[in-house]
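Trainee: I am attaching a structure below and will ask some questions about it afterwards.
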Amino acid sequence: MSYTVREIFHSLQGEGVQAGRAAVFLRFSGCNLWSGRQEDRAKAVCRFCDTDFVGGVKYSDAQSLAEAVKAVGGSTRYVVVTGGEPGLQLDETLIHALHGLGFSVAVETNGTLGLPSGLDWVCVSPKAGTELMVTRGDELKLVFPQDGAAPEAFEHLDFAHFLLQPMDGPDRAANTAAAIAHCLTHPRWRLSLQTHKIVGIP
Ligand SMILES: C[S@@+](CC[C@H](N)C(=O)[O-])C[C@H]1O[C@@H](n2cnc3c(N)ncnc32)[C@H](O)[C@@H]1O
Ligand SMILES: Nc1nc2[nH]cc(C(=O)O)c2c(=O)[nH]1
Ligand code: SF4
Ligand SMILES: [Mg+2]
């Protein structure tokens, strides 16, 4: 199978429980909840996306893509597969190829599609107005606040960690204050800041 990739870059995981860890980011093109075109944003299912996932380059097979990930990452052997929505393209063949090169494989997903088996870390970030297919994993990282996606709606799910990530955009400061207030009064939720934006790395 072939894969369409928006970008591959070496940085620190900025978000969630693994924040601060060196990682290679493999960003796939395309998403099932937004076309990625600004003119479509207002009518998309997911309207707050901070990411450009349109276009990119094609890899014809899993092994060549895994080798490209390794070439970017120096001695880093932790890959975060994201997008766009990686559930559209990530498969067991690619996970196997990455494992073969010594990588642990993490995924960032909106959770609306099934995931292949073999992943080492699953981060699900639910979106209002969608049905969650991935109901277990390592961390549930809810962008906050979202009308129609209250934190309480996810607390029964089988995740090891529950995090609130303030929605970036014009209301980021107010959203951060609201997330802090929620964590103070609902201590099973932790704050996830987008630390890469704070320190100015990709
Ligand atoms: C760009 S998404 C790609 C992966 C997947 N499609 C998803 O939504 O989880 C990566 C992470 O950024 C989060 N994110 C996207 N836009 C954001 C924003 N404006 N503020 C805070 N987090 C955001 C997503 O919820 C997700 O956790
Ligand atoms: N540094 C950094 N950490 C991240 N964690 C998740 C990201 C994503 O866009 O999926 C991301 C990203 O874009 N950059
Ligand atoms: S689901 Fe993820 S990639 Fe798709 S538009 Fe929303 S935040 Fe962006
Ligand atoms: Mg990002």
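Note: Cβ is positioned from N, Cα and C throughout, glycine not excepted.
As the structure is a computational prediction, the values presented were derived from the model and not from experiment.
Per TrEMBL, the feature substrate binding site maps to L12, Q13, G14, R27, T82, P202. Sequence annotations record features per position, and here TrEMBL assigns [4Fe-4S] cluster binding site to C31, C46, C49. Feature annotation from TrEMBL assigns S-adenosyl-L-methionine binding site to F48, C49, D50, G84, S125, P126, K127, Q165, P166, M167, D168. TrEMBL lists T51 with the feature Mg(2+) binding site. Residues or ranges marked as domain 'Radical SAM core' by TrEMBL: 18-202.
Provide an account of the burial state, proximal residues and distances for the features listed.
Mentor: Listed in sequence order, F25, L26, R27, F28, V107, E108 are the same-chain residues six or more apart from T82 (substrate binding site) with CB atoms under 8 A from its CB.
All protein chains included, C49 ([4Fe-4S] cluster binding site) registers 19 other Cβ atoms within 10 Å of its own Cβ. Secondary structure from DSSP puts C49 ([4Fe-4S] cluster binding site) in coil.
Residue environment of T51 (Mg(2+) binding site) contains 14 other Cβ atoms, counted within 10 Å of its Cβ in all protein chains.
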Trainee: Long-range neighbours only, meaning 6 or more apart in sequence with Cβ under 8 Å: which ones does P166 (S-adenosyl-L-methionine binding site) have?
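Mentor: Expected: V143, F144, R172, N175, T176, A178, A179, L191, L193.
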Trainee: When you put C49 ([4Fe-4S] cluster binding site) at the centre and draw a 10 Å sphere around its Cα, which of the binding-site residues L12, Q13, G14, S125, D168, P202 have their Cα inside it?
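Mentor: Close binding-site residues: D168.
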Trainee: Mean pLDDT for the domain 'Radical SAM core' (18-202), as a whole number?
Mentor: 99
Trainee: Other than L12, Q13, G14, R27, T82, P202, which residues of the chain come within 8 Å of the substrate site, judged by Cβ distance to the Cβ centroid of those residues?
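Mentor: Here the nearby residues are F9, S11, E15, A23, F25, V80, H196.
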Trainee: Fewest other Cβ atoms within 10 Å: which of the binding-site residues L12, C31 wins that one? Let me know.
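Mentor: Lowest Cβ count within 10 Å among the binding-site residues (L12, C31) is L12.
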Trainee: Max Cα distance spanning F48, C49, D50, G84, S125, P126, K127, Q165, P166, M167, D168 (S-adenosyl-L-methionine binders), Å?
Mentor: 19
